[in-house]
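First up is the structure itself, then whatever we jot down about it.
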Amino acid sequence: MRRENQSSVSEFLLLGLPIPPEQQGVFFALFLGVYLTTVLGNLLIFLLIRLDPRLHTPMYFFLKHLALTDVSFSSVTVPKMLMNMQVQCQSITYAGCISQVYFYILFGCVDNLLLAVMSYDRYVAICHPLHYTTIMMERACVLLVAGSWILSCGSALLHTLLLAQVPFCDDNIIPHFFCSLPILLKLSCSDTSLNELAIFTAGAAVVILPLTGILVSYGRIGVSILRVPSTKGICRALSTCGSHLSVVSLFYGTIMALYFSSSSGNSNDKDMIISLMYTVVTPMLNPFIYSLRNRDIKLALGILFRNNQLFAK
C-alpha cells in the first residue's frame, strides 16, 4: 500500500522547546556546545580504547560500543533541533519523521542492552574472577554486542512498520523537539491499539528485562562483597563498578522520570525537559563519568597527551 493511500500528511511541524525568541541564540549556543562535547568526548573514549593495548579487555570493548551508540543516539535528534532553532524551520518530512523514530528507538535500545551486558561483565569479573577469561572470551563479547544490535533492530523495525500503517489526517503538529512515537500515535485518526501493544511487549523485552538483569547482577555483586567484608575488597569492587553504576543510575533515572511524567498527565514542557536530559545531557555525561572515575582511562589519556607533546617537539 502506498503512503498517500494511508495518510494525507506529507510533513509534520515540530514545535520544539518552549524558548522565548529573544533567548533562541543563547540556547542554540548552549545546545551546540553540549552536542559537540558529546561527540568529541565519546569519540575520545573510543580512540583511547582503540589505541591503548591495555584497554583491549571485554569491559572496554563494551564501553567502546557504548560511546559510539551515545554519539549516534544524540545525533538522531540534536542536529535537527539545532537547525530548527537557527533557521526557524519547524517542518520535517513524513519520511524524515519515520526515520527519526526508527533510529531513536534503535540506538536507545542498543544503549539499554549494552548497559545490561556491561553489568553482566562486572558480575563475572567480581563473582567469578578465576573463570573470567574463559567466560568473557572475544567470541562471547562479539555475540553479546551483535545480539544487542539484532534485538534493537528488530524492536525499532517493528515499531516503525506498525507506525507506517497508521493514517494521519489533518493534525500534523508535534509538541516536541523530535518525532516521539507516543505523540505520533496520539495524532493518528485511527485505532492504535496494536501499536500500543507492541510498545508494551517490546518495552518489556528491551527495557524491563535488561533492567532486571542489571539489578540481579549488582545484587549478586553486593552479596559477594558482603561475604568478604574487607575494606580492600569493597574499594576494589567500587572502583570496578562505580563508573558503570553511575551511568546506569543516570540512564534509568531519566527514563523513570520521563515515564512518571507522562503517566501523571503533566505538561508537555516538563516532558520535553526530561526528554532533553535523556537524549542530550546523558550521552554527554557518560564519557566524563568514565574518565573521572576510571583510573585506566585517565592513564591512557595522560599517555596520549604526553605522546602528542613529544611528537609536537
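Residue positions begin at 1 at the first shown residue.
A Cβ is built for glycine as well, from the same backbone N, Cα and C atoms used for every other residue.
Residues annotated as domain 'G-protein coupled receptors family 1 profile' in TrEMBL: 41-290.
Taken from TrEMBL, the feature transmembrane segment applies to 26-49 (among others).
According to TrEMBL, the feature transmembrane segment maps to 61-81 (among others).
The feature transmembrane segment is assigned by TrEMBL to 101-120 (among others). Panel annotation: around the transmembrane segment (101-120), residues 59, 62-63, 65-66, 69-70, 72-73, 76-77, 144-145, 147-149, 151-153, 155-157, 159-160, 163, 178-181, 184, 206-207, 209-211, 213-214, 217-218, 244, 247-248, 251, 279 of the same chain, lying at least six beyond its termini, place a Cβ under 8 Å from a Cβ of the stretch.
Look at TrEMBL and you will find 141-162 (among others) tagged as transmembrane segment.
Residues or ranges marked as transmembrane segment by TrEMBL: 197-216 (among others).
The transmembrane segment feature in TrEMBL is assigned to 237-260 (among others).
Summarising the annotation, TrEMBL assigns transmembrane segment to 272-292 (among others). Packing against the transmembrane segment (272-292) from elsewhere in the chain are residues 17-18, 31, 34-35, 37-38, 41-42, 44-45, 63, 66-67, 70-71, 73-74, 76-78, 104, 175-178, 180, 243, 246-247, 250-251, 254-255, 257-258, 261, 298, 301: each is 6 or more residues past its ends and has a CB under 8 Å from a CB in it.
Sequence-remote contacts of a segment are chain residues at least 6 beyond its ends whose Cβ falls under 8 Å from one of its Cβ atoms, and for the transmembrane segment (26-49) they are 17, 19, 55-56, 60-61, 63-64, 67-68, 70-71, 74-75, 78-79, 81-82, 85-86, 280-281, 283-284, 286-288, 290-291, 297, 300-301, 304.
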